[in-house]
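Peer 1: Okay, here's the structure, questions in a sec.
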Amino acid sequence: MGELPPNSVGVFLALLLCSCSLIELTRAQSPILEIYPKQEVQRKPVGKPLILTCRPTVPEPSLVADLQWKDNRNNTILPKPNGRNQPPMYTETLPGESLALMITSLSVEMGGKYYCTASYANTEILEKGVTIKTYVAITWTNAPENQYPTLGQDYVVMCEVKADPNPTIDWLRNGDPIRTTNDKYVVQTNGLLIRNVQESDEGIYTCRAAVIETGELLERTIRVEVFIQPEIISLPTNLEAVEGKPFAANCTARGKPVPEISWIRDATQLNVATADRFQVNPQTGLVTISSVSQDDYGTYTCLAKNRAGVVDQKTKLNVLVRPQIYELYNVTGARTKEIAITCRAKGRPAPAITFRRWGTQEEYTNGQQDDDPRIILEPNFDEERGESTGTLRISNAERSDDGLYQCIARNKGADAYKTGHITVEFAPDFSHMKELPPVFSWEQRKANLSCLAMGIPNATIEWHWNGRKIKDLYDTNLKIVGTGPRSDLIVHPVTRQYYSGYKCIATNIHGTAEHDMQLKEARVPDFVSEAKPSQLTATTMTFDIRGPSTELGLPILAYSVQYKEALNPDWSTAYNRSWSPDSPYIVEGLRPQTEYSFRFAARNQVGLGNWGVNQQQSTPRRSAPEEPKPLHNPVQHDKEEPVVVSPYSDHFELRWGVPADNGEPIDRYQIKYCPGVKISGTWTELENSCNTVEVMETTSFEMTQLVGNTYYRIELKAHNAIGYSSPASIIMKTTRGIDVIQVAERQVFSSAAIVGIAIGGVLLLLFVVDLLCCITVHMGVMATMCRKAKRSPSEIDDEAKLGSGQLVKEPPPSPLPLPPPVKLGGSPMSTPLDEKEPLRTPTGSIKQNSTIEFDGRFVHSRSGEIIGKNSAV
């Protein structure tokens, strides 16, 4: 073709532009249907809701009719019916003449071609299609966010994903990709395999899923914590509990998480936590039984359970049943025969049984006894039933085997005791009565002959006299009281024929025994064999008395003496004195330098015997007192001199008895005590260290300010008007005196110094108070003295003129008129050794009889006749 002219090209372009505008206008005016969203292919995830809107684009919307949707099977989709039921797919008219396709939950089956159709002006059919393509979004079907593998095992960290198209999976640990080049981690379709899980494998794992076609990416965070299977680390194989007592046992387990522990009784498969008396702590595994029963015996299983697994271990509970003696009978056997006593007990374990005599601690051993082969202990055990038997056999039994026996049942739980009695029967026996004295009677007094027969069983007793049974004599003077085992024969000896022998005969099933008894006539004692003076003083006389040479049955109850002055021939006026046989025979109240006559007799139950052993004895003249006797018990070691030990270190109380005054009353005592030492057994006094004191009217003296752990020789002398007695001497030792040393260290001042300081302090305080009163208020002793010192002479004269004109000073009241002290024997400190001259009577005085007596405390002077102390018979 040739080239067009330039104006032709412009015309062509104008024509082309007009044609396009015409075509566009034509299209705008033609009716169509539009579907929103406008994409012809809609990709939507399964399970999600979907809405598609069909809108007519026509010149006249009112000419549109039959607007509807058709599904992928070309079925008309109906509108939603009335009510709550909602179909999976329905249509709904929207404002603006639009029709919406509503899909509540998209499924794979709903994918396909959908059409929207309508008619326009009843002449033209309108249709618009849209394709719905479904896909499955990434969905975690099995991917828990917390997963717990077990230590030492292989574990798959689950991460199951559902998606369409299929996703790709990769793993991260603590934010870092996991390398699968080694055998530790293996990616599987259902998760991540971890081989031989260790605690170091714990952490945060990320399961990441991606769909390339859809560009979807989703992550799942999984926390992995390694669990450890339970392990029982402490449970004894055997447990022991005591019946009736509380019990506790531990089943200790470890694991992760902390395992829960339970106890199962194998016999019943019962969890003991639900049983009575049982308590279980599931955290610590402690099982407690408030009171163990014998039925609790058996095997128990300890279960330790956590999310990693279960482990169990068995143990046996042995119940120690305390022994119980359920049979022990008293037994009886005859002498010389065999006797066996059996004790039966139960317990777990079966108790050991032994015996012992009541009141002793020694137990019999199994088998024959070493110290007594007659006794054998036979034990027997039944462990299955928990029972034991012990038999104590005594062959050739003796009377000494009779008595109480204690059965002892013993096991680990405790001891049980029960007492039984073995009775050994024997024939009557009178051996205990062979040493009894005869029975005495006198003056027809009734006598009691008692017969006691020892025997088991009790014996019956008969009395015989002169070969005949007394019960057959019908003698009213013979009365039998009791027939056994004790029987008394009351004899009324109205004539001498009843003073004779009687026979007691005892009988039981094992034999007979006889015992002879004598009834004798008693008489008064015979003459006293001897009575001689052993000690003479001016006022006392001590005798040694030997009883009658022959004793006529009854014992001596007392010795009597009659004494009178020898010049007096009448015994009816004599003095009487009696002594018990075990007392000193001392006659007191005698006159010095006087001769006396004495006679003696013995007394028993019958009466006083005849007087005899007549003798005369003179008392010596007045003299110094007898030697006083200290009332202390000395202690003698080996051959050394006896020593009296003081319980104190710094003082000692000397006590003595009042000696005989020998005719003159004792007026004082002289005590001399000297410290000393023993050198080679010889007593040596310390020079210039002796103390001498004299005391009156007392029989004790306390020596003070002594030195601890020191020997003292003490001499005691009594004094009367004649002189001093011979000295009584003892050696005394004080204790160590630790307490005295402690007191000396602490005590700075003596008691007198402390009292003086206290009085001085009080006086000083009074002086200060008086001085203050004088200065402040012009009162007090000092103020009064000052006022008197300042008075003028005229004031003094005026004061003197008051009253009677002079001051009268009354004399003090005279003391009570007391008699002057009586001086006995001259100066109290004089020490006459003997009587130089007789006593002189002052001129003009009347001579009267007088007595001076000393009763141990006071001196009494009496005038008049001297009367003896004892009454005359």
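Any Cβ shown, glycine's included, is placed from N, Cα and C.
Relevant sequence annotations retrieved from Swiss-Prot are reproduced here:
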| type | residues | note |
| --- | --- | --- |
| DOMAIN | 31-131 | domain 'Ig-like C2-type 1' |
| CARBOHYD | Asn74 | N-linked glycosylation site |
| DOMAIN | 138-223 | domain 'Ig-like C2-type 2' |
| CARBOHYD | Asn250 | N-linked glycosylation site |
| CARBOHYD | Asn330 | N-linked glycosylation site |
| DOMAIN | 428-520 | domain 'Ig-like C2-type 5' |
| CARBOHYD | Asn448 | N-linked glycosylation site |
| CARBOHYD | Asn458 | N-linked glycosylation site |
| DOMAIN | 524-622 | domain 'Fibronectin type-III 1' |
| CARBOHYD | Asn576 | N-linked glycosylation site |
| DOMAIN | 638-738 | domain 'Fibronectin type-III 2' |
| TRANSMEM | 752-769 | transmembrane segment |
| TOPO_DOM | 770-873 | topological domain 'Cytoplasmic' |
| MOD_RES | Thr841 | phosphothreonine |
Peer 1: On a C-alpha basis, identify the one among Asn74, Asn250, Asn458, Asn576 that is nearest to Asn330 (N-linked glycosylation site); the candidates are the glycosylation sites.
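Peer 2: Considering only the listed glycosylation sites, the nearest one is Asn458.
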Peer 1: Going by C-alpha distance, which of the glycosylation sites Asn250, Asn448, Asn458, Asn576 is nearest to Asn74 (N-linked glycosylation site)?
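Peer 2: Closest by Cα: Asn250.
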Peer 1: Taking the domain 'Fibronectin type-III 1' (524-622) as reference, which of 31-131, 138-223, 638-738 has the most Cβ pairs under 8 angstroms?
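Peer 2: Maximum Cβ contact count belongs to 638-738.
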Peer 1: In terms of Cβ proximity under 8 Å, which residues at least six beyond the ends of the transmembrane segment (752-769) contact it?
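Peer 2: Sequence-distant neighbours of the transmembrane segment (752-769): 780.
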Peer 1: Would you count the other C-beta atoms found within 10 angstroms of the C-beta of Asn250 (N-linked glycosylation site) for me?
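Peer 2: 15, counting other Cβ atoms within 10 Å of Asn250 (N-linked glycosylation site).
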Peer 1: Would you identify which of the glycosylation sites Asn330, Asn458 has the most other C-beta atoms lying within 10 angstroms of its C-beta?
Peer 2: Asn458
Peer 1: Of the residues in the domain 'Fibronectin type-III 2' (638-738), how many are helix, strand and coil by DSSP?
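Peer 2: When I sort the residues of the domain 'Fibronectin type-III 2' (638-738) into the three classes, I find 1 helix, 53 strand, 47 coil.
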Peer 1: Going by Cα-Cα distance, which of the glycosylation sites (Asn250, Asn448, Asn458) sits nearest to Asn576 (N-linked glycosylation site)?
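Peer 2: That would be Asn448, nearest by Cα distance.
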Peer 1: Asn74, Asn448: which of these glycosylation sites has the sparsest Cβ neighbourhood within 10 Å?
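Peer 2: Fewest other Cβ atoms within 10 Å, among the glycosylation sites Asn74, Asn448, is found for Asn74.
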Peer 1: Taking the Cβ of Asn576 (N-linked glycosylation site) as the centre, count every other Cβ atom within 10 Å, in any protein chain shown.
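Peer 2: Taking all protein chains shown, Asn576 (N-linked glycosylation site) has 12 Cβ neighbours within 10 Å.
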Peer 1: Using DSSP, what's the helix, strand and coil tally for the domain 'Ig-like C2-type 5' (428-520)?
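Peer 2: Helix/strand/coil tally for the domain 'Ig-like C2-type 5' (428-520): 9 helix, 50 strand, 34 coil.
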Peer 1: What does the structure give for the C-alpha distance between Asn458 (N-linked glycosylation site) and Asn250 (N-linked glycosylation site)? Integer Å is fine.
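Peer 2: The Cα atom of Asn458 (N-linked glycosylation site) is 64 Å away from the Cα atom of Asn250 (N-linked glycosylation site).
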